[in-house]
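Asks: Once you've had a glance at the structure underneath, I'll fire off some questions.
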Amino acid sequence: MMIMAAAASNESPNKSTEDKTSARRQNEVNKKLKYISLAILVIQNASLILSIRYVRTLPGDHFYTTSAVVMAEVLKVLTCVVIILIEKRGNVKSFVSLLYDSLVVQYLDTLKLAVPSLIYTLQNNLQYVAISNLPAATFQVTYQLKILTTALFSVLMLRKSLSKIQWISLVLLFAGVAIVQVEQEGGKQKEAVTSANQNYFKGLVSVIISCLSSGFAGVYFEKILKGSSASVWIRNIQLGIFGTLLGLLGMLWNDGAAIAEKGFLFGYTPMVWGVIFNQAFGGLLVAVVVKYADNILKGFATSFSIIVSTITSVYLFGFHVDLIFTLGAGLVIGAVYMYSLPKPSTSTSSTSTSSSSHSIGGDSKLDAFLPNPKAPGKKKGI
């Protein structure tokens, strides 16, 4: 008995040491994954806007943005189909059964996504219009108004509460965007002379409507899908199917005659394909890595991507940064970071759910896919 007791006492310290070593290694891995997630979020946020701005301001024939929106939706659906097939280890019968059950048997659940899909399709088209008419840095700063609209819709539709810091950050956010717009209003005439095909007011209206639609769609998405257990890939397929159909209708209505004459892929260059792949796959990639990024990291990623977009715009597009723009952008960057901070009170859960479901570091459309671990029947995952 004494020998057994001695052996047990020797095993206990060894097990404790192994557990500590294992926990330390896991922490190191998680830390690396957070930094990788940060880099991916920043690159995706900044590169999509900069690349769209670049291809839309190049001389020569331009592609039809409505066709690009449709193509991105098709690629996204095909990608999710392939991923699900891989998850099923190539079992076609199981794969078809899952799709049939998710899309046809649960048709009411699928139809619920028609409204957010319509809004997202409109939003994607408006983003092209906005970026085509606004400097990339100005768009990046102004587009952060989606945080304000998401917060307001969350309070009104979901009865969620915000902390005092978050309310202050929303005020600073609005003030920062307003300062940037005043600065741009002063330099608008000079830009209009050098960019005859660009309409600043048209771009501004487009980004504001895009922010409103982003906020409403994200909150509506959360409201109607509370308690649903469908995977991120199924949700993307459901949204993508409606997005493709609605995008085709919008394309035919807006550019139907021109596309019939010149073709669906008119104006597509390798750079344009890069934009479309970024739009289709970048969002899916963010949806995968965002589980390693907490709200603070996502807020920091958004703030850093604004800086990256501004600096790149200076060298790539000759964008002029003055003191007023720096002040406005600085307020927005600080507000984004402040809003992402956790609530100190016990009511943290309500706001943390809001800020995780509606993107701070990316598009609300993406984060809305992420399962809510507190909802019944859901598992924490992508």
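Keep in mind that glycine also has a Cβ here, set from the backbone N, Cα and C atoms.
Feature annotation from TrEMBL assigns transmembrane segment to 35-55, 67-86, 165-183, 203-221, 233-253, 265-290, 297-317, 323-341. Residues or ranges marked as compositional bias 'Low complexity' by TrEMBL: 345-359. Residues annotated as region 'Disordered' in TrEMBL: 345-382.
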Asks: Please determine whether the transmembrane segment (297-317) and the transmembrane segment (35-55) are in contact (criterion: at least three Cβ-Cβ distances under 8 Å, sequence separation 6 or more).
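Replies: Answer yes, regions in contact.
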Asks: Between the stretches 35-55, 67-86, 323-341, which one has more Cβ pairs under 8 Å with the transmembrane segment (233-253) than any other?
Replies: 67-86
Asks: Go through 67-86, 165-183, 203-221, 265-290 and flag the stretch with the largest number of C-beta pairs under 8 Å relative to the transmembrane segment (323-341).
Replies: 165-183
Asks: Considering only Cβ pairs within less than 8 angstroms, which of the stretches 35-55, 67-86, 165-183 has the most against the transmembrane segment (265-290)?
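Replies: Comparing 35-55, 67-86, 165-183 against the transmembrane segment (265-290), the winner is 35-55.
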Asks: Please report, as numbers and ranges, the same-chain residues at least 6 past the borders of the transmembrane segment (35-55) whose CB is under 8 Å from any CB of it.
Replies: 62-63, 127-128, 131-132, 135-136, 139-140, 269, 271-272, 274-275, 278-279, 282-283, 285-286, 289-290, 292-293, 297-298, 300-302, 304-305, 308-309, 312-313, 316-317, 361-362
